[in-house]
Amino acid sequence: MPRRTDLHRILVIGSGPILIGQAAEFDYAGTQACLALKEEGYEVILVNSNPATIMTDRDVADKVYIEPITLEFVSSILRRERPDAIVPTLGGQTGLNMATELAKSGIPDELGIELLGTKLSAIEKAEDRDLFKQLMDELGQPVPASEVVHTVDEAVKVGNTIGYPLIVRPAYTLGGTGGGMCCDEAELVRIVGKGLELSPVTECLIEQSIAGFKEIEYEMMRDGADNTMVVCTMENFDPVGVHTGDSIVFAPTQTLTDVEHEMLRDASIEIVRTLGIEGGCNVQLALDPNSFQYYVIEVNPRVSRSSALASKATGYPIAKIAAKIAVGLTLDEIRNPVTGTTWSMFEPMLDYVVAKIPRWPFDKFAQADRRLGTQMKATGEVMALGRTIEESLLKAVRSLEIGVDHLALREVADLPDDILEERLLHARDDRLFCLTEAIRRGRTVQELHEQTRIDVFFLDKVAHILEIEERLRACPDDSEALWIAKRNGFSDPAIARIWGETPDDVRVRRVDNGIVPVYKMVDTCAGEFESSTPYFYSTYEMENESKKSQRPSVLVLGSGPIRIGQGIEFDYATVHSVKAIQAAGYEAIIMNSNPETVSTDFSISDKLYFEPLTFEDVMNVIDLEQPDGVIVQFGGQTAINLAGPLSAAGVPILGTQVADLDRAEDREGFESLLAELGIPQAPGGTARSSEEAFAVAEELGYPVLVRPSYVIGGRAMAIVTSAEELKRYMRDAVHASPDKPVLVDRYLNGLECEVDAICDGTDVLIPGIMEHIERAGVHSGDSMAVYPPQRMSQQVADRIIEVTTKLARGLKTKGILNIQFVVANDPATGEETVYVIEANPRASRTVPFLSKVTGVSMAEVATRIILGETLADLGLRPGLLPFSKRIHVKSPVFSFSKLDLVDSHLGPEMKSTGEVMGSDDTVEKALYKVFEAANLHVPEYGKILITVTDDAKPEALQLARRFDRIGFQLVGTMGTARFFDEGGLRIDVAEKIGSGEAGSTESVLDLISRNGCDAVINVMGNGQDTIIDGKQIRREAIARGIPLFTSLDTAAAICRVMESRVFSTESI
């Protein structure tokens, strides 16, 4: 069928902020879809609340709305734009839920708007657990015994009928949110209670556990003419019981027989056809390893996390094809963009193995529950390609950027046998390393299979890696052993450790022996058809398929896996840098390891190398490509950390030079530069031992801010208020040493703000100044930022411009620079002073936001500067650009509901996973939008629980008066209530945790657990009891989905919004 000509304007719904379970893969999918629809001649309207995405750039859609994805705002856009159709299947769970909500509201029918792609009835059959079970029963497709429940009592009855263990799956939630495995009634009651609250339809499926079965995924594609195909098959390393987003995954499937594959393929095709899917669809199945019994676990009737992985694994652009199917085209009418010669109905063939490993946030959250189950916890993932499982697995391990380049983790190697056994029984993020260590200690593959239910085939591959280790030990300096190790994915540093040499020694030996990688093309057809895809992976074979271009080229290093502190913002900057490189006439080469991102779409760059971002792997590409230089400014700390080794190896680093990058990171060097330039900074010092840290803190006076150097996202940063706290920090959080110093600063309590600037070595452009709502002490990535500044005096703004210009020149910046300031009173003079907190001579996470609100594509301008142009050449004047008339607010978004035991209190260590943006004519309206977009819905009335420290009580009293004035009922613990009462404000009392007696006042936890309040304001204290109580309060509020504020500044911002939305009622 030809494309539909009765449609002209199409609305695409994005997926909103990055959350655990819904990450950058939807920016990749949405960008592909918008461009595909524009390619077909349609006018595309986009709504998304995430400014850090490529899809919200002005040139991706014809009209871009960065607005909350809520019924209120999407309805308003629909009424204003009157599109002919909506595509909801490219925005993840957010898009599907929005489509369902819109349909129930009747607005699409009222306006005559059609839902494109998979129909709403099919979405409901796949997403509604009861309807899905009924459909599978009708098809004769086996599903685990299950019942849908809407109350805890119903769940208990079902549990008694089906028997334990059970799996709880809440309806219409993301990444298994609220679900889990239950071994007894107590666990069932707890998990179902949470799941019902988090399900937007208050519904859970209670399902017979099939933990231990193989988990298989089929990524499917179907068009309106019923052409149905398998794009990719994937097999989880972990058996059923671990969420697929938290499992190591291989593509294609590795352990299925032809009979098993055909059986599951037929089942997937039948399901997709019966549902009437039009576009992409993911089918998850469980297979009994000892029989042909299988069960259908679930179907995702949309582009998903697995779709992005399948796209990058095969080269087949699923979202692009799905978008074209949505407007009527069929698979035999859509040309495969990879080969350019075949049609999209040909199923991709792989002559390589793909490995995906999740990237978890537990390096940031040491206190988190690291056990894996049916609720996803990973923030991102890496992918690696190789000719064997061993090669792709080891390449993926070193892509994780966790300080490990092989199957050896020191903390696991040091575990006692009993603890290691415990970790083998209960899957954790370090399971792969635990399995390896168990084999090292003499456990057999069969024993481990019986204990973990992981297939013997995969365990054999791990054992084979250890056999190669032993051969290397037995044959030091043997070129044949070296060749075998490299073919199976061993890194130079791993081999060097085994041989007792340096990585350089190994590198020289293998190059001298002709042991160098070749690069193979990803072409979707295993070489069967001619292809010229510029998408490559390395392996150790004979024929090289990547040829050096004759044009001058530049290599851009990506930012690797998404994790807290280094998210999609850096991929945004990478993509824009590539655009500028191409516009300047160079060939742009990208190297990255993240399958979720736009940067690893092979159509973005002239060449894509899907490789680990390590010195060895980067040098291998440089040896082949001989680029004119490497750009490291847009790949976050990942790329910055590679600048020094690459420069030492003679590689030209373009832009700001390594010595100046180091000077910004090195505390003493940076201090001396600021002193030389006459720029104030917080008094502080550098400690290379615990004793030095105590001495510096004693001299400065508490509180102090302590942090390691060379980190991103405020990792291991803390505000310390006493010597006892500092002792605990030095013991638990960091290990100070001469080469890893700890920085100790006086904590300055004031207004925090930041700038992103571009410098050509002489002139400095400052697109904008951002002002934080939360005062200093909350990490900038966790603070709400406002542009233009609202509380800043002109004198302070002028001083910031002056300091930024001085510092950019002082650091000899060529490219981009981020500087963070705190405006506070000088302790000695009492004068308002602008202090520099830190300077980062690289792109920051605010670049996408500031680029969008100022209209300056900062990464593109900075790249042109890096390549040798000046601001004057580009027609840009130095100094601060005029402020916009509209107010723009950027707000962090958190995933605490997915991370049990992680404290939601905000401080100097970053915890947010994503961001949203709101723009309007007033601050109050912009704030309202970001609160709605962040799912912190602003109530019009209700009860607010306030529990704060003694030093925060005076400020909290003033805030409480404002809430009281607009009609909110207030409740607090005894101490807070007494203080408020003395200040003339009566509030209800809730007992502190553990102090209530039978018949006494309700406790704080009871109040929260019965949803007896509509918001919680909890400011943490330093006493041990207060810390424990505060954690329990915050954890319960998160579990109940109650808006939680741990900063009075954020609470004051939401109060300001509420005040703007109500009429005052005062007696005369």
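Including glycine, each Cβ sits where the backbone N, Cα and C put it.
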With ARG746, LEU748, GLU752, GLY777, VAL778, HIS779, SER780, GLN820, GLU838 listed by Swiss-Prot as ATP 2-binding, which of these, ARG707, ARG728, ARG799, ARG864, is given for the same site?
ARG707
What remains of the binding-site residues GLN284, GLN820, GLU838 once a 10 Å Cα-Cα cut-off to ASN300 (Mg(2+) 2 binding site) is applied is GLN284
Collapsed DSSP category at GLU838 (Mn(2+) 3 binding site):
strand
For the region 'Carbamoyl phosphate synthetic domain' (547-935), what's the model's average pLDDT?
92
Give me the long-range Cβ neighbours of GLU298 (Mg(2+) 1 binding site): same chain, 6+ apart, Cβ under 8 Å, in sequence order.
ALA126, PHE132, ARG169, GLN284
Cβ neighbour count (within 10 Å, all chains shown) around GLN284 (Mg(2+) 1 binding site):
21
Among all protein chains shown, how many Cβ atoms are found within 10 Å of the Cβ of GLN820 (Mn(2+) 3 binding site), not counting that one?
21
